[in-house]
Amino acid sequence: MTEHIQFSPEKDALVLLDQRYLPTREDWFDCKTTDDIVEALVVMVVRGAPAIGVTAAYGCYLAGREVAGSADWKAELEKNLDKIENARPTAVNLRWAVREMKRIWAEAGDVSLDELCAIWLKRAKEIHVDDIRMCEDIGKFGGELMDDGDTIMTHCNAGALATAGYGTALGVVRGAVDQGKKVSVIANETRPFLQGARLTAYELHRDGIPVKVACDNACALLMKKGLVQKVVVGADRVTANGDAVNKIGTYGVALLAREFGIPFYVAAPVYTIDPETPTGDDVPIEDRTPTEVTHVGDHRITPEGVEVFNFAFDPTPNELIAGIITEKGVLRPPYTEAIKKLFEDN
């Protein structure tokens, strides 16, 4: 499918496919400043933890270009980097990308702003390419866990649109297809932003992979009827004990999968694993604007004055997870030991 994250040398800008309007139209959003990057992250022009990380990496470069000519460019740049890092609280990839650029700056020593920006742009492009490669490796390992004829349920969108390309959870689906297996997908619609109905269905349909959209509240019936053989989801953060923080509703899907004896897998690159955070309950959960729940498009669907919950994520406890599929292989319980060894070996 179309590359949805593109760096344009001609514009000196990051050009993003605006996911708010998919699948009905394909608009593009140009990011030239720190505020552009922050807006793209906050309003979800771009979303999905790996894609957020790639966007943030390019954003650091743009933040540097923005302060050119400032007498105190170092202080201004620090402020811009902090703005980007704090744009969204849950996805660890955002923090990782900004801290990676801060590390490079610290190690570069007394370089000029132009030199720093050149180093950052090179690193952002590397992160971009590396993310696609990691997703392809996740697909290879995860595809081996899928059986010919499986119907795979997924929640939210952890596909090419949520990464630099190929996808994590949908990378597993693509990996299975590449291995010659016939698989199909049930995409939970994923209220309130409808990432499953709008985005997962969009990219799988374009790729010719069979997909059906299900209402979120149909999961139990579909599993009871034997229509689901595996569940594969992505993650915005995996904590040190193997808890997986993903789109709101994932926890409920995992509970149902256990009830019906269906393997529940999490697909995520290693840099989505946060060994500094002990458990999923320690992760800050983003509470988004009420209008995402009270409105569908421009149409209000709840009475004026009624309050709503709009938590964007929930933590799925590690005991519900059959395996965490990474580009380094599949982690199995006990996850605390597996994750510790992963970071010791890498």
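Yeah, the Cβs are placed from backbone N, Cα and C, and that goes for glycine too.
Cβ neighbours within 10 Å of Arg47 (substrate binding site), excluding its own Cβ and spanning all shown chains: 25. In three-state terms derived from DSSP, Arg47 (substrate binding site) belongs to neither a helical nor a strand segment and is classed as coil. According to Swiss-Prot, the substrate binding site annotation covers Arg47, Gly48, Ala49, Arg88, Gln195, Asn246, Lys247, on the basis of sequence analysis.
The Cβ of Cys156 (site 'Transition state stabilizer') has Ala162, Asn188, Thr190, Gln195, Gly196, Thr200, Val233, Gly234, Asn246, Lys247, Gly249, Thr250 as same-chain neighbours under 8 Å, each 6 or more residues away in sequence. For the recorded site, Cys156 (site 'Transition state stabilizer'), the DSSP three-state label reads coil. The annotation site 'Transition state stabilizer' is assigned in Swiss-Prot to Cys156.
Swiss-Prot lists Asp236 with the feature active site, proton donor. For Asp236 (active site, proton donor), the same-chain residues lying six or more positions away in sequence with a CB closer than 8 A to its CB are Ala49, Thr90, Ala91, Val92, Asn93, Val245, Asn246, Lys247, Thr272, Phe313.
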Binding-site residues: Arg88, Lys247 - member with fewest neighbouring CB atoms within 10 Å: Arg88
Protein Cβ atoms within 10 Å of Ala49 (substrate binding site), excluding its own: 29
Check: same-chain CB within 8 A of substrate site center, minus Arg47, Gly48, Ala49, Arg88, Gln195, Asn246, Lys247: Ile52, Ala91, Cys156, Asn157, Ala158, Ala162, Gly234, Asp236, Ala312, Phe313
